[in-house]
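As recorded in TrEMBL, the features of this protein are as follows:
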TRANSMEM  C:25-51  transmembrane segment
TRANSMEM  C:98-118  transmembrane segment
TRANSMEM  C:139-162  transmembrane segment
TRANSMEM  C:190-212  transmembrane segment
TRANSMEM  C:224-250  transmembrane segment
TRANSMEM  C:256-279  transmembrane segment
TRANSMEM  C:339-358  transmembrane segment
TRANSMEM  C:389-408  transmembrane segment
TRANSMEM  C:415-434  transmembrane segment
TRANSMEM  C:458-485  transmembrane segment
TRANSMEM  C:506-527  transmembrane segment
TRANSMEM  C:582-603  transmembrane segment
Amino acid sequence: MNALLEVKGLVKSYSGVHAVRGVSFSLQAGEILALIGPNGAGKSTCFNMLNGQIRPNAGSIRLNGEEMVGLPPRTVWRRGVGRTFQITATFSSMTVRENVQVALLSYHRRLWSVLGYAGAAHREEADDLLTLVGMDQQAERPCGELAYGDLKRLELAVALANQPRLLLMDEPTAGMAPKERVELMRLTAAIARKKDMGVLFTEHDMDVVFEHADAVMVLNRGELIARGSPQEVRRDPHVQAIYLGEGLLYDAKHREEAVQ
Amino acid sequence: MKRMMGLALAALLMASGAARAEGEIKVGEINSYSALPGFTDPYRKGMELALKEINDAGGIKGKKLVIISKDDGGKPGDALTAANELVSRDGVVMIAGGFLSNVGLALSDFAKQKKVMYLASEPLTDALVWSKGNPYTFRLRTSNYMQAAMLAEEAAKLPAKRWATIAPNYEFGQSFVAAFKDLLKKRRPDVEFVAEQWPPLNKIDAGPVLQAIDAANPDAILNATFAGDLVKLVREGNTRGVFKNRAVVSYLTGEPEYLDPLKGETPEGWIVTGYPWYSIDTPEHKAFLDAYQQLNKDYPRLGSIVGYSTVKSIAAVLNATDDHSNEGLVKAMKNLKVSTPFGEIVYRGADHQSTLGAFVGKTALKDGKGIMVDVVFKKGADYLPSEDDAAKMRPAN
Amino acid sequence: MDFLLIQALSGLASAASLFLVASGLSIIFGVTRIVNFAHGAFYMLGAYVAFTLTDRFAGPLGFWGGLLVASLVVAALGALMEMVLLRRIYQAPELFQLLATFGVTLMVQDLVVLIWGPDDLMGPRAPGLSGAFSLFGRLVPSYDILLILLGPAVLGLLWLLFHRTRWGVLVRAATQDREMVASLGVNQKWLFTSVFALGVFLAALGGALQIPRTTVTHYMDLSIIVEVFVVVVIGGLGSVTGAFIAAVLVSELNAFGILVLPKISMITVFLVMAVVLVVRPWGLFGKPDAAPRASAGISVRPWKPMSVLERSGVALVVLLAALLPLVSGSYALSVGSEILVFVLFAASLHFMMTVGGLSSFGHAAYFGLGAYGAAFAVTYFGAPMEAALLLGPLLGLAGAVLFGWFCVRLSGVYFAMLTLAFAQITWSVAFQWVEVTGGDNGILGIWPSAWASTPQGFYWLTLAVVVVGVALLRMLVFSPFGFGLRAARDSALRAEAIGIDGKRTQWAAFMVAGTFAGIAGALFAFLKGSVFPETLAIPMSVDGLVMVLLGGIETVSGAVVGAVVYKALAIWLMSQTELSKLVLGGIIVLLVVAFPKGIVGFLEDWRHRRPPAPNGAGPKAAGKAATEAAPVGIAKLEAAR
């Protein structure tokens, strides 16, 4: 069976410094894959290459066999790749619902239309998406005054607007309460299973990673050093060595709770 | 919503047309008071003096002459708004004024459209009475062409053959240089123009401009810059010795407005047009000078003459006819004679240009100040094309 | 060859003053992010005060001391302005600071005439440097040499100041990251004030040093301010070295340009800027803004179409406006028409600025192109008014298509400056191409058709066009296109990530705004019966900005109110007083301080004012509540599955 996403030999360097060096992996439809690694490992750079924001120096990214390298983000999105950002990016002058409506309008290729009130367009579809992420109660609120966790959820709704085949989530649960994290990831997983959507996400919270990912990849200094099931990765000595200093792998849960 | 409330309110306020007072004749006047106070201040003083004299002597056939002045901010668009207010709201019988050529042309076109007489006081452009002349517009001031002709006459007497020109880069400078070239070539087919510089108005980069002129090695230079640009040009040129052993013919430089700021650095021997108020001994001018200085504790500038003569012309035309309708005034204005501090002038019937003359002389230094010497008064009529020829230059309408 | 060297020296001397003033502006911008329009006013004040001092105290000490004291006095004035005015508006949208400093500029123009009189003033020559020395047989003014040396000297001193003093290090840190400096516990207030004073000092010194070269005039501020902006932008905002290089580049290109094309001076700087910005969008030494300024001004209150009540209110106002000819005279109607024309002009700029987030400094270009388009149609093709009103705006559209393509590649101040450059280039073409445009004498005889030639007729025509135009723009705001445009403004990143081509959307918005400005311009041509280059000039662009900001940048249609208030005020003041600039400037400054959100923004705030929620507490509390409510949503969904 062909992989949904096939990444080969991805390289990116900034003025001589290699941020990502030869990353290759594949992702099946319906699979939930986590990408972890310490700060500065190159996770965000990888993400930005995957959705076309940064052009890799070398390598190939194939979605269902189609080459994606060189396409701008908007075209990558049209091919069915949704994404959320580490630092949320939403339209702060609009309401929650309008944020989703813009994405829907874009998906239905109606953004060049000059007729009609956009606030009335795809309303039900937008509300469905908001219900899906639990934001339906807040549909009328100005996006500019949302709490951070809610913004993350809104981003998810927006990212789902184009019925993506592949969803990229950059730290989707940062800033959320532990209970919310579980809810959000469970939801994402449910959608992935139901729609056969591939999910690639980065995450600092190891509980989230090990509980929800089907597989985990570990990136260190721009290189993939491990890939496998959560249990395999957790036992990998290399991975343990890297994370030892950060103390994230085993006592993450306790730390998080202490902070909260 | 309240969106347009302001509009309605403002309009209502302005709609309360002023009642017409009995025993008054109102004339509208527009000038660049806020933008060009250097010219308009003396101009206004000249107007005030003439107005006082006229009303002290009983006004216009017993009625008081009232002049309503408006500011145009140096913009033709705003001048038109002001003209509209004067004509539609204040009910003036005619309009006058203007300094900038474009303001003059805008007002002249307004006059044609609204059928109201316009007396252009200062604008110099030839288009005003010739290529864009119209039945309702008259012009007082000695025009670009007339002064170019006066200077060309003097320039032709010079031995110089190679000429260079410096003029501000807009219609005024361009048309003046063109007229001068044309007129000089007619008198002296042997001259050639070897260099030209067109600095932007108020932004001359004098050093490089003068170097460029110097490099062409001309025998003589024609200058049409004025005000701040002129001062920069003179200072740089003096220091760099560009004017040394060269004849310079300089337009408007003898006007006190532009000559006085040069103080001790006034270059000597330039051939200029201007207004040597200190050395004119005609009785008309003496009377004007005394009255002016009594009222103002200041000496007159050329603007004062223009303001004074504008009001005198207005009074003359209003006195000349009882029919103060537009047609009546236009009819009376043709071939109207008016006495001014520069002698009697006539508004020519064919092209509506007055025959106001100008003084041509040489610059000199006296007590650390620039003055004009060897002054000759050139009568305007001698430097105008014949009325028949002038009429042919006007559009048929 | 010798000649070229001398020409190069002359160019360097011209660069010196330009550099002094530009470096001051650049330093101020780097730290305070204020685009100080009043910089030219301080340059002029420096010259005036120096004139007074050097006139009173003769001799070398009097002269050089006079220049220095004058610069210090003006720097103190600048510090005063910073403390009294700017401190109140640092948090306002950045264009508001531009507006406030523009108001100050207007006031200063009238004030100097009141204080020093209207005549041009000529100061003394520099003692000991009044002569010239011979180089290759040509004379070079000694004062030029002083200026040539002064440029690099000031550059060096500024370098020392910024790299060898604690203050300078703080300033550089603040240029890079303001928040960081604030967290260091540095008294930011005084840092800003001192930086502002230094910048003003340099401007005043630049002005004072002009005394031996030219006369001091009340319009010398305008003759330099635009060029200084351009130099700063070419060099890269905040970069002193960049300002130096740019000043030299511009002056030298000008010095040699006039040898080949004597008429080029008028547009040299703008050509250089256009080329530089197209090739290097952040100027020669500038860096892209690391963190784009948080859109502090963007309201958290999302826009809504008007309610039925509001619609009927607007309909009533339009009806009243349509009835105006029945009660008022023809002057009021022509003023009304003029105001309406500016309503459409301001609304078009507002669409681009507020909805598109594109702050144009050269919107007059499209207004003027529309006016010239109509005039060309009448003059060269004998078109009737009806056709000319349709054809004219096409020229505005054409300009927007061409210029917009380059401009939307940039953002922020650089975008603003490139729009300015294109507007200036268009203006100078209209100004110089006398054969076609009539130069500054304009094109005359553009009068309306008979049916619209009465003030009433034209007023109704204008009202109809403007009401339809504003309504269309408003429809566009709420259309899917408007949403896409706002999306690209709010977050370019997110917009791109949901398939929106931000640049193309903005380009389209540019064209829309250009076309509507062109319609306003064409109407203006027929209202005035003539067209002049002033319709393309900077003051026209600034008027448009003032109207938008006055109405309220965060509102949907605030520009309509801003235009009505500003234009009515300006016309009335023009008619009533010759100190209109002083009064208008004062009013602008007051409005900026009192209503930083504009008139409509203020009214909306007032209408929506919530019960006493201290700043920021409202949203946070609400956010928390929502967070707690959220899992319910998911639970509900899960249950629904």
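Even glycines carry a Cβ here, placed using N, Cα and C.
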Is the number of Cβ-Cβ pairs under 8 Å between the transmembrane segment (C:339-358) and the transmembrane segment (C:224-250) three or more, considering only pairs separated by 6 or more positions? no
Could you name the stretch, out of C:98-118, C:190-212, C:256-279, C:458-485, with the greatest number of CB pairs under 8 A to the transmembrane segment (C:139-162)? C:190-212
Contact between the transmembrane segment (C:415-434) and the transmembrane segment (C:458-485) (3 or more Cβ pairs under 8 Å, separation 6+): no
Using a Cβ-Cβ cut-off of under 8 Å, list the residues of the same chain that are 6+ residues beyond the ends of the transmembrane segment (C:256-279) and lie near it. 4, 7-8, 11, 227, 230-231, 233-234, 249-250, 406, 409-410, 414, 417-418, 420-422, 424-425, 428, 431-432
Best-contacting stretch, by C-beta pairs under 8 Å, relative to the transmembrane segment (C:190-212) and drawn from C:25-51, C:224-250, C:458-485, C:582-603: C:25-51
Mind checking which residues reach the transmembrane segment (C:389-408)? Cβ under 8 Å, same chain, six or more beyond either end. 274, 277-278, 358, 360, 362, 365-367, 369-377, 381, 383, 415, 418-419, 422, 426, 465, 503, 506-507, 510-511, 513-519, 521-523, 525-526
Do the transmembrane segment (C:224-250) and the transmembrane segment (C:25-51) share at least 3 Cβ pairs closer than 8 Å, excluding pairs fewer than 6 residues apart in sequence? yes
Go through the chain and flag residues at least 6 beyond the ends of the transmembrane segment (C:25-51) whose CB is under 8 A from any CB in it; none is fine as an answer. 66-67, 70-71, 73-74, 77-78, 81, 86, 90, 94, 97-98, 101-102, 104-105, 108-109, 112, 115-116, 121, 123, 158, 171, 174-175, 178, 191-192, 195-196, 198-200, 202-208, 210-211, 216, 218, 220-222, 224-225, 228-229, 232, 235, 237-240, 242-243, 293, 413
